[in-house]
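Q: Look at TrEMBL and you will find A:1-105 tagged as domain 'Thioredoxin'. The site 'Deprotonates C-terminal active site Cys' annotation in TrEMBL covers A:D24. Sequence annotations record features per position, and here TrEMBL assigns disulfide bond to A:C30-A:C33. For A:C30, A:C33, the entry in TrEMBL reads active site, nucleophile. Taken from TrEMBL, the feature site 'Contributes to redox potential value' covers A:G31, A:P32.
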Amino acid sequence: MVEEIKDANFSNSIKDSDTPVVVDFWASWCGPCKMLSPVIEEVSDELQGKAKFFKLNVDENPVTAAQFKIASIPTVMVFKDGSMVDKFVGFRPKDTIKDVLGKHI
Amino acid sequence: MDSRYDIAIVGSGPAGLSAAVNARVRNKNIILFGNAEFSEKLIKAPKIKNYLGLPDITGLQLKDKFENHIKSMNINITLERINEIYAMGEYFGLMVNQKMYEAKAIVLATGIEYTKPLRGEEELLGKGVGYCATCDAPLYKGKVVTIIGYNKEAEREANYVNELVKKVYYIPMYRDKPNLDDNIEIVEDKVLEIYGKERVEKVILENKQIDTDGVFVLKDSISPAQLVPGIAMESNHVKVDANMNTNIPGCFAAGDCVGRPYQYMKAVGQGQTAALNAVSYLDKQ
Ligand SMILES: Cc1cc2nc3c(=O)[nH]c(=O)nc-3n(C[C@H](O)[C@H](O)[C@H](O)COP(=O)(O)OP(=O)(O)OC[C@H]3O[C@@H](n4cnc5c(N)ncnc54)[C@H](O)[C@@H]3O)c2cc1C
């Protein structure tokens with residue numbers, strides 16, 4: 001499952017986790033984001049318990065988007081112990097996403 | 001939205017046409033994307049001496065033969081340029097501007113004519129450099145954006161971006177005078193580098209520098225890595241095995257885009273192999 005995350009609870013959510021945290025930065029006007037979200041949803045189901053999945057709407061949460069200098073969406077970031085350890089920009093197929101996450105799980 | 005096709009073939013050169021013919025023989029529901037001229041490289045060839053059975057044919061004559069062949073099989077070319085292909089697992093989504101086509105398998109036959117990346121372009125991709133202005137422009141509200149346009153179509157995107165951001169610079173990479181909204185600044189100069197440490201800071205030209213927050217590079221031809229996010233490349237070719245499989249299940253590639261030699265007969269043979277393997281991929285589903 002992919003949960004919605006906001007500016008207000010962002011830093012707590014990525015810090016207080018014993019598993020890696022994946023955040024999908026998206027917006028409603030972004031076509032590739034719409035394609036990516038069901039794929040991330042599938043990945044989150046397959047990796048249940050091994051990683052936490054969030055999505056953040058960059059229009060509604062400008063503070064976090066600015067903090068991470070989001071210049072292109074979709075951007076997907078992987079956090080461990082509160083800091084970013086990996087990211088990719090743009091759509092990716094499921095297997096590629098699992099390969100990226102596999103390195104951190 | 002159209003119904004879901006069995007096979008979408010991207011590219012109307014010899015490789016794509018051969019894939020289309022062979023998939024049609026196997027009764028698959030196909031869609032073939034490309035242009036009315038089929039392929040620049042085909043119509044430009046002065047004399048072709050190595051196409052078996054057709055000695056001394058010109059490129060234009062060979063194009064006519066190809067045209068008669070696909071017409072006789074009721075294969076039409078959909079005159080659209082695919083912007084991006086999403087591997088969704090069950091199917092592929094093919095984007096044309098705001099429209100989406102769906103297919104269960106893909107044959108990439110896009111040829112090779114990718115413009116060389118500018119200095120800094122690849123390093124700063126996603127850090128201020130982007131290829132889809134209409135996608136990312138809203139992220140640059142109140143900021144400065146530079147558009148490097150390789151064709152007239154880029155002008156439309158520039159006008160759109162101009163409505164959203166603080167300032168737009170437009171660098172035409174072609175001769176014609178750009179037709180743009182008044183407050184877009186046209187910079188006719190040679191681009192040397194897109195520069196930035198962590199992210200884009202400026203565009204360095206022969207005679208001046210532009211401070212900018214973002215750069216959109218809008219080209220004619222897209223490299224396969226951009227066209228199909230996640231596809232494995234080997235230098236600037238799509239990586240395939242002997243069955244023309246790419247690393248993405250259901251996605252096949254053929255012709256110049258998979259490597260040398262760049263030749264008609266090789267392209268045609270690979271197009272056939274790709275189509276037949278796409279057919280068996282579908283039959284196994
Ligand atoms: C002047 C010249 C002479 C040549 N002479 C010979 C010769 O004598 N013998 C020989 O064997 N070879 C010759 N070649 C090489 C030959 O032309 C190529 O090897 C051959 O055309 C490759 O075919 P292809 O189908 O892979 O790609 P191409 O012929 O390049 O066709 C690709 C097509 O896909 C289209 N396309 C690309 N991206 C997209 C997209 N995203 N959406 C939709 N459509 C897209 C392109 O517009 C193009 O029409 C010659 C080439 C040139 C330029």
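In case you wondered, yes, glycine gets a Cβ from its N, Cα and C as well.
Can you tell me where each of these features sits in the structure?
A: Taking all protein chains in view, 23 other C-beta atoms sit within 10 angstroms of the C-beta of A:D24 (site 'Deprotonates C-terminal active site Cys').
The DSSP secondary structure for A:C33 (disulfide bond) is helix.
Close to A:C30 (disulfide bond) in the fold, though at least 6 residues off in sequence, lie A:I73, A:P74, each with a CB less than 8 Å from its CB.
All protein chains included, A:G31 (site 'Contributes to redox potential value') registers 20 other Cβ atoms within 10 Å of its own Cβ.
Of all Cβ atoms in the shown protein chains, 23 besides its own fall within 10 Å of the Cβ of A:P32 (site 'Contributes to redox potential value').
All protein chains included, A:C33 (disulfide bond) registers 23 other Cβ atoms within 10 Å of its own Cβ.
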Q: Pull the DSSP breakdown for the domain 'Thioredoxin' (A:1-105) and write it out as helix, strand, coil residue counts.
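A: Each residue of the domain 'Thioredoxin' (A:1-105) counted once, the result is 40 helix, 28 strand, 37 coil.
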Q: If you measure from the Cα of A:D24 (site 'Deprotonates C-terminal active site Cys'), which of the recorded positions A:G31, A:P32, A:C33 is the nearest?
A: A:C33
